[in-house]
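As recorded in Swiss-Prot, the features of this protein are as follows:
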BINDING   Cys559, Cys568  [4Fe-4S] cluster binding site
BINDING   His654  chlorophyll a B1 binding site
BINDING   Met662, Tyr670  chlorophyll a B3 binding site
BINDING   Trp671  phylloquinone binding site
TRANSMEM  46-69  transmembrane segment
TRANSMEM  135-158  transmembrane segment
TRANSMEM  175-199  transmembrane segment
TRANSMEM  273-291  transmembrane segment
TRANSMEM  330-353  transmembrane segment
TRANSMEM  369-395  transmembrane segment
TRANSMEM  417-439  transmembrane segment
TRANSMEM  517-535  transmembrane segment
TRANSMEM  575-596  transmembrane segment
TRANSMEM  643-665  transmembrane segment
TRANSMEM  707-727  transmembrane segment
Amino acid sequence: MALRFPRFSQGLAQDPTTRRIWFGIATAHDFESHDDITEERLYQNIFASHFGQLAIIFLWTSGNLFHVAWQGNFEAWVQDPLHVRPIAHAIWDPHFGQPAVEAFTRGGALGPVNIAYSGVYQWWYTIGLRTNGDLYSGALFLLFLSAISLLAGWLHLQPKWKPSVSWFKNAESRLNHHLSGLFGVSSLAWTGHLVHVAIPGSRGEYVRWNNFLSILPHPQGLGPLFTGQWNLYAQNPDSSSHLFGTSQGAGTAILTLLGGFHPQTQSLWLTDMAHHHLAIAILFLLAGHMYRTNFGIGHSIKDLLEAHIPPGGRLGRGHKGLYDTINNSIHFQLGLALASLGVITSLVAQHMYSLPAYAFIAQDYTTQAALYTHHQYIAGFIMTGAFAHGAIFFIRDYNPEQNEDNVLARMLDHKEAIISHLSWASLFLGFHTLGLYVHNDVMLAFGTPEKQILIEPIFAQWIQSAHGKTSYGFDVLLSSTNSPAFNAGRSIWLPGWLNAINENSNSLFLTIGPGDFLVHHAIALGLHTTTLILVKGALDARGSKLMPDKKDFGYSFPCDGPGRGGTCDISAWDAFYLAVFWMLNTIGWVTFYWHWKHITLWQGNVSQFNESSTYLMGWLRDYLWLNSSQLINGYNPFGMNSLSVWAWMFLFGHLVWATGFMFLISWRGYWQELIETLAWAHERTPLANLIRWRDKPVALSIVQARLVGLAHFSVGYIFTYAAFLIASTSGKFG
């Protein structure tokens with residue numbers, strides 16, 4: 001008999017119902033649960049799939065470059081970055097009538113095109129690309145890397161090239177290579193690119209392979225490096241009148257500490273960024289020599305962890321046993337990696353707009369809004385994934401004997417205290433924040449706005465003042481001219497920084513008031529509640545008072561288990577599922593706040609945010625309703641416009657989102673009856689009944705229906721807000 005899907009589980013392959021298909025898809029990547037899997041094959045499969053992932057990433061980025069080179073207007077945009085709209089790619093659609101063709105023919109194109117709101121034009125321009133030829137060669141190079149990655153993935157599955165388990169578990173070597181090789185060498189290489197290509201490019205010099213060796217990046221070459229006069233590399237920086245991409249007002253410095261922004265591009269100084277990457281490179285190259293491998297020198301991570309025991313004796317055995325626990329658990333490692341990546345992605349969102357690195361990106365408002373929102377959503381999904389794998393670690397990989405009285409065991413011992421404190425914090429934040437908002441709503445409704453409770457965020461204002469913001473009058477640290485901090489940096493980076501922080505046209509340390517205070521606490525509520533659900537899911541994953549043997553049931557289990565009705569509500573999967581809703585909720589508030597504050601900043605009517613953000617009706621009316629008017633008006637009796645596609649996507653997003661509720665509210669019996677009715681009708685319909693299936697149709701389990709509902713809810717939620725964000729911003733600022 002031919003092997004049926006799924007081949008990796010013969011038990012599932014023999015299931016006579018449609019469960020075979022859905023469970024097969026659900027467990028396709030759960031290598032640990034596959035038939036005849038060994039630890040060695042598990043590691044090798046994951047290793048090979050990493051190369052496949054890299055191949056896809058390189059192919060995708062290659063496609064970005066290729067389509068812009070082929071159908072974009074990069075060369076025209078380079079001539080006038082502030083007024084030419086960057087084109088992502090052409091649109092070919094046989095349904096377009098004349099009005100649609102006219103509406104979407106923009107940016108100097110000959111036919112309908114998509115405008116790029118990803119910031120790639122600004123990025124490529126900043127790093128020294130100037131022509132379509134440059135873009136094509138970049139695309140080809142990435143395509144080559146993609147092919148190499150595929151080849152490497154295939155190669156490492158061949159018997160001769162399969163790494164052994166001991167190779168995968170050699171933590172010191174891996175850390176050394178990742179610190180020195182991945183971060184150190186690549187940062188050094190990037191510094192080299194900035195110094196040799198990007199900085200000359202910003203000064204009007206076109207450096208490529210043909211003249212790379214003949215153009216000195218600095219007039220004195222490597223002299224200052226070898227004679228120890230490194231400060232010469234910082235002398236004669238670009239002047240404040242420098243025109244980016246030309247020699248007008250350009251200097252010769254390559255590694256500086258100017259602080260603040262380039263006045264014309266409103267982005268960080270390229271020479272500051274080169275200096276930053278050089279410092280990072282040196283730091284990581286050193287860090288990559290810290291751990292003991294072949295030569296018997298350096299730290300052993302196991303020894304470090306075994307020595308980490310709190311000296312008082314009242315805090316248990318600290319990090320004892322952690323080395324083997326982490327090194328033998330892929331889920332623990334993945335959880336740590338995802339948690340780190342999630343934090344860094346959110347930091348990217350915060351820093352891309354407040355400290356823009358790419359020339360002219362700060363003046364491209366729609367791109368700024370899109371990139372902030374994009375990175376915050378990605379961060380949210382990655383963070384929830386970190387806790388999911390943390391919970392799987394506790395179920396599959398945690399060994400109580402190996403971790404007696406160490407930090408992991410003590411987390412489990414104290415889980416009631418941890419969960420109840422998170423619960424208390426969430427309740428406190430929720431009731432107080434909502435109470436303030438609702439009080440203010442009532443005061444406005446009764447025509448007495450002066451009776452609102454408005455709280456100034458004085459501690460946050462004090463922190464901003466300490467960083468040099470003078471408008472609050474705190475006169476502390478960098479905002480005080482006679483503080484030691486001020487005097488120490490006065491001759492180097494401070495003038496540029498202070499100029500930037502006190503200039504109201506950028507997003508560095510925005511002025512904050514009572515509206516910010518309230519929304520800050522609303523976001524804190526969302527973060528604490530999301531954390532509560534995720535932490536409880538992980539800490540209760542092995543067992544709870546209600547279900548002490550939970551670990552034997554795995555990460556997700558059905559509600560109609562053996563005499564255990566309703567138990568799927570307490571599986572670790574269910575905690576993840578609930579947390580994603582709260583995560584989306586929280587990021588909704590974060591992005592609403594960011595977007596509304598910036599729209600009013602860019603339009604020059606900051607008072608609208610300040611006055612309307614202190615009560616809920618203000619958010620609903622003056623942010624959501626007011627800014628969705630163009631979307632609701634995307635199709636009207638006068639034909640269509642360039643926002644019509646977003647109006648359609650806004651509706652479509654709502655549809656997908658609402659479909660989610662159908663799966664979330666109805667349970668298994670509903671689907672079973674529906675499916676049996678459909679199957680009955682199918683079998684009695686002429687022609688249709690010629691098509692037969694071998695598997696007996698069974699309904700989604702509750703766990704599956706929740707997954708389908710969650711997927712629709714998330715996708716619809718994000719589509720709806722993406723359309724709203726891009727249309728409301730591009731509709732205002734072009």
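Keep in mind that glycine also has a Cβ here, set from the backbone N, Cα and C atoms.
Considering only the binding-site residues Cys559, Cys568, His654, Trp671, Met662 (chlorophyll a B3 binding site) has Trp671 as its nearest partner by CA-CA distance. Around Cys559 ([4Fe-4S] cluster binding site), a 10 Å sphere centred on its CB holds 18 further CB atoms from the protein chains shown. Each of the binding-site residues Tyr670, Trp671 was scored by the number of other CB atoms within 10 Å of its CB, and the largest score is that of Trp671.
Counting only same-chain residues 6+ beyond the ends of the transmembrane segment (175-199), those with a CB under 8 A from a CB of the stretch are 126-128, 207, 212, 217-218, 254-255, 270-271, 273-274, 277-278, 280-285, 287-291, 293, 301. Once Cβ contacts within 10 Å are tallied over all protein chains shown, the binding-site residues Cys568, Met662 are led by Cys568.
Cα separation, His654 (chlorophyll a B1 binding site) to Cys559 ([4Fe-4S] cluster binding site), rounded: 30 Å. Remark: the transmembrane segment (707-727) makes no contact with the transmembrane segment (517-535), by the rule of 3 or more CB pairs under 8 A. Beyond its flanks by at least six residues, the transmembrane segment (369-395) meets 117-119, 329, 331-332, 334-336, 338-339, 341-343, 345-346, 348-349, 352-353, 412, 530, 534-535, 537-539, 541-542, 551, 554-555, 572-573, 575-576, 579-580, 583-584, 586-587, 590-591, 594-595, 598, 718, 721-722, 725-726, 729 of its own chain at Cβ-Cβ distances under 8 Å.
The stretches the transmembrane segment (517-535) and the transmembrane segment (135-158) do not meet in space: the count of Cβ pairs below 8 angstroms, excluding pairs fewer than 6 apart in sequence, stays at fewer than three. In this structure the alpha carbons, written CA, of the residue listed as 'phylloquinone binding site' and Cys559 ([4Fe-4S] cluster binding site) are 15 Å apart. Panel annotation: around the transmembrane segment (575-596), residues 353, 369, 372-373, 376-377, 380-381, 383-384, 387-388, 391, 516, 519, 522-523, 526-527, 529-530, 533-534, 536-538, 540, 609, 613, 619, 623-624, 706-707, 710, 713-714, 717-718, 721, 725, 728-729 of the same chain, lying at least six beyond its termini, place a Cβ under 8 Å from a Cβ of the stretch. Each residue contributes its Cα atom, and for Cys568 ([4Fe-4S] cluster binding site) and Tyr670 (chlorophyll a B3 binding site) these two points are 18 Å apart. Using a 10 Å Cβ-Cβ cutoff, His654 (chlorophyll a B1 binding site) registers 15 neighbours. Taking CA atoms as the reference points, Tyr670 (chlorophyll a B3 binding site) and Cys559 ([4Fe-4S] cluster binding site) are 15 Å apart.
In three-state terms derived from DSSP, Cys559 ([4Fe-4S] cluster binding site) belongs to neither a helical nor a strand segment and is classed as coil.
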